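So that you can see what the record holds, here are the features copied from TrEMBL:
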| type | residues | note |
| --- | --- | --- |
| DOMAIN | 18-148 | domain 'FZ' |
| DISULFID | Cys99-Cys123 | disulfide bond |
| DOMAIN | 184-367 | domain 'G-protein coupled receptors family 2 profile 2' |
Amino acid sequence: MIALILLLIGVASSSREIQHGKCEAIGMPLCRDLPYYNSTIFPNLLNHATQDEASESIRPYGPIVKLKCSSDFQLFLCSLYTPLCTILSHPIPPCKGLCLSAKLGCEDLMKEFDLPWHREFSCDHLPNEQKKDSSVNNGSGEFICPAQLKIPTEREYVLRLGDVQRVKNCGAPCRKMFFNEKEIAFANNWIGLWSVLCLLSTSFTLLTFAVDPGRFPYPERPIIYLSICYFMISLTYIIGYASDDSIACNKAFDNDPSINVRAERTIKQGSLDDDWRCTLLAIDIIFFTIASGLWWVILTISWFLSAGLKWGVEAIDIKSHWFHSIAWIPPSFLTVAILVTKRIDGDVLSGVVLLDSGTLGAFDILY
């Protein structure tokens, strides 16, 4: 149930507030299918107030893009008309290298369409790739991590941009990018409330069992182990609620002294040694989530043996050692494998650490 709540909240409103306005999904036909990013901010770098206004202005360049005079021309245009939405207080301009590459390939063709290289497209005022806020491209279609989000190399962080790019030594911002403060507060309180209710209900079940264990023979006995699993899961979410985002997010790393920018807090990835709380919560929630799913299966099997095949309590109880082997051993190995491969990420909505959902693999299917 907690996982379902996380899923519902995770797809909350696509309108995300940051200091200079709201992130909004790119709707302009020329830019909405870019593989590099899918949210933008207005006013843009050309002072268009809305996407409708920007769409009218960029429309004449559609044929130029289709002719593919430069592999960088479309991204250059979109970085001006629909700039990448970030945690920064202003839209990020394209890099000079991207501009020069687009101009070299398309300026002559544009003249044939009576489209001059406008002053707004000038490359002279754009930052080099090494500048602190340059970000969109290095002339080869690759995202460059802003200095505010750079992570020390030894951390081995990777920022995933859709299914296309993997940016090494770059972290996802903890705040202001994916959800606004109101959305985070609502999700945190909502998850905290249901976690407390889950903790109380499972505690009641476990206390009842402790007073009279004989009330829970097979096929009902797996309910007790389910209660143990959900007790531990709810306890983990309560700890995450109480800690706000101190477990899910890093403190700001120290930047290169030569770059005069303030580093931003980033979401934790694959932490094993720098924060024992992160590792402990990851072990708890991954192990007991997998085990709870297996105990659900065992509960249904027990009911089938009892009601369908008319097995007695003693006959099912004899098989209980197999049930425990199936329910506890695989989650142990999977949890260790997930931690060793550092497949965990912080979650700002709940304050805990969850299985990394950036890629699909065998762990995701088993989990």
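Keep in mind that glycine also has a Cβ here, set from the backbone N, Cα and C atoms.
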Given the disulfide-bonded residues Cys99, Cys123, and counting only Cβ atoms in the protein chains shown, which has the most within 10 Å of its Cβ?
Cys99
Mean pLDDT over the domain 'FZ' (18-148): what is the value?
81
Tally of residues which DSSP labels helix, strand or coil - the domain 'FZ' (18-148):
48 helix, 9 strand, 74 coil
